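First comes the structure, then the notes that go with it.
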Amino acid sequence: MKILTGSRIREADRYTIAREPIDSIALMERASESIAQWVAGHVRPECPLAFFVGKGNNGGDGLAVARMLHRAGFSCAVYLAFGRDELSEECRFNLERLPRGLSVRPMAEASLPEGTVIVDALLGTGVRGELTEPLLGAVRRINSSGCRVVSIDLPSGMFSEFGNAGRTTVRATTTLTLEFPKLALLLPEGGEAAGEVVVLPIGLSEEYMDRAESLYFYTDAAAAARLPLSRPKFAHKGNCGHALLVCGSEDMAGAAVLATGAALRSGCGLVTVHLPRSERVSVHANSPSAIVSGDPEPVFSRLPRDMGRYDAVGVGPGVGQDPRSFEALEALLRAGLPAVIDADALNMLSARTELQRLVARGSILTPHLGELRRLAGDWASEDEKIEKTRDLASRLGCCVVVKGAHTMVCSSDGRCFFNSSGNPGMAKGGSGDVLTGFLAGLLARGYEPLAAAILGVYLHGRAGDRAADYYGQEAMNAGDLIDFLSEAQQEIFGRDDG
Ligand SMILES: NC(=O)C1=CN([C@@H]2O[C@H](COP(=O)(O)OP(=O)(O)OC[C@H]3O[C@@H](n4cnc5c(N)ncnc54)[C@H](O)[C@@H]3O)[C@@H](O)[C@H]2O)[C@@H](O)CC1
Ligand SMILES: [K+]
């Protein structure tokens, strides 16, 4: 799904109105029906609804939704931040359509009885500059209310893309964003205030959306379902790819166990794990399907024999940074295999930058924010972080996967794909090891690097969501992700099979 930014958002709106038999009021009606349906399905009918309404089209959406939900039997009250004369044409039109019996009052008179759900329709994508009164007061009132808050399109006050650090905005429980998620909802600067993000389709012109240029994309289930490779009927273990994992050391053999378990769920034909010989039993015991290559030292010190056998390598989790491992990493990179590079292998690339030139094009780097800082340099804002990630991806000819909520996959041509799946329960040691093993398996299996990164990140997140459903976000751990990778794939492969 494409994410449009800035002026393109308004252009999409205008294009749809100009080319399709729909005017701006009807488009607002379509958006509002989608929003009203979501609220009706997710809010108990006895909860009072308080609509905080601004003067632009976001307010117009709020008014149309209030009308629809009042008719559906909800107890609705509308609170206006501005006088009638100040409202946009569409907003005023929807104010006039409110049925008698639906209470409309100035914002100052807002009353929020226990259990009220606030619908935030003060500001959407039209927000400019600093918030001033009366909007500032309205935002503060919402935030101090303790009520559940459903924001329409964006939490009011939030810019659609960048510049939200330290900004006062509504803090939403849920944001119902129209047609595609606005970029700010996916970035840490503003995303925390958005709560749960739900994308509601409103039928903007498909022709426009296809043609519109954008560097930003959202990986939802439909986008992920277009990626899986089919498995040939005459497949055998020798032609489905052989993944090599270089993971673990004497003190961190668990990283190798996790990465191996995940690689074995990727569909590749063979998985070989290279780790200190003293630790080989840990892999044999947990993953009898894997082959083990034993390193005679307690750290990664040399290459496995016959590197020509492997199609891709995953390196880094738990390997440490022993001086012997720097030499071994250099030899591994010189072998030229497409690699998934994580954890200590990334740190070694940061410590000895000349090694970066040896990274095979088409590799995948999977830094968390600390590792990204060490590799790409620090940043002062979200847009600078994205630019630095793009520079790194383009310089190395690799995909860079920046891990976090809405993990971002940046391709070497500068496109950024934000992930929709996953949850905070995955923020635990070992989750990254699982991702590295799984991505290495997908690369070996024959996926193009960008497809492997996007699909792998999405499925890893879905496995996390399944694990959270089963164990809860607090109790789930990285090992659980491996088990749920199979269910996550069935969701996607099932879709593909029709
Ligand atoms: N295709 C689309 O994008 C659609 C958009 N719709 C809605 O329309 C919204 C955008 O509508 P608008 O462009 O009218 O913008 P908004 O409704 O976000 O608000 C703009 C109004 O607020 C004022 N304003 C902006 N910043 C302010 C500030 N800091 N302090 C005080 N006042 C400020 C502006 O002067 C303007 O009057 C979307 O977010 C969405 O909710 C929907 O109706 C349907 C289709
Ligand atoms: K809003």
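Every residue number used here counts from 1 along the chain in the order it is shown.
Glycine is no exception: its Cβ is also placed from the backbone N, Cα and C atoms.
Here is what TrEMBL says about this protein:
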- 9-210: domain 'YjeF N-terminal' (DOMAIN)
- 57-61, 124-130, ASP153, ALA255, GLY318, HIS368, ASP433: (6S)-NADPHX binding site (BINDING)
- ASN58, ASP120, SER156: K(+) binding site (BINDING)
- 220-492: domain 'YjeF C-terminal' (DOMAIN)
- LYS403, GLY404, ALA405, HIS406, THR407, GLY432: AMP binding site (BINDING)
Out of THR125, ARG128, ALA405, HIS406, GLY432, give those binding-site residues positioned within 10 angstroms of ASN58 (K(+) binding site), comparing C-alpha atoms, in sequence order. THR125
Mean pLDDT for the domain 'YjeF N-terminal' (9-210), rounded to an integer? 95
Output: those binding-site residues from ARG128, SER156, HIS406 whose CB lies less than 6 Å from an atom of ligand 1, in sequence order; none if no residue fits. ARG128
Binding-site residues near ligand 2 among ASN58, LYS403, GLY404, HIS406 (Cβ under 6 Å): ASN58
With ASN57 ((6S)-NADPHX binding site) as the reference Cα, tell me which of the binding-site residues ASP120, ALA405, THR407 is the closest one. ASP120
Near HIS406 (AMP binding site), which residues of its own chain have a C-beta under 8 A away, given they sit six or more steps off in sequence? LEU186, LEU187, GLY191, PHE418, ASN419, SER420, GLY422
I need the least crowded one of these binding-site residues (GLY404, GLY432), counting other C-beta atoms within 10 angstroms of each C-beta. GLY404
With every protein chain in view, how many other Cβ atoms are within 10 Å of the Cβ of ASP153 ((6S)-NADPHX binding site)? 28
Taking the centroid of the Cβ atoms of ASN58, ASP120, SER156 as the K(+) site, which other residues of that chain lie with their Cβ within 8 Å of it, listed in sequence order? PHE52, GLY54, GLY59, GLY62, ALA121, LEU122, LEU123, GLY124, SER151, ILE152, ASP153, LEU154, PRO155, GLY157, VAL170
Using only C-alpha positions, which one of GLY60, ASP120, ARG128, ASP153, HIS368 is spatially nearest GLY432 (AMP binding site)? These are the binding-site residues in the record. HIS368
How far apart, in Å, are the two Cα atoms that lie farthest from each other among LYS403, GLY404, ALA405, HIS406, THR407, GLY432, the residues recorded as binding AMP? 14
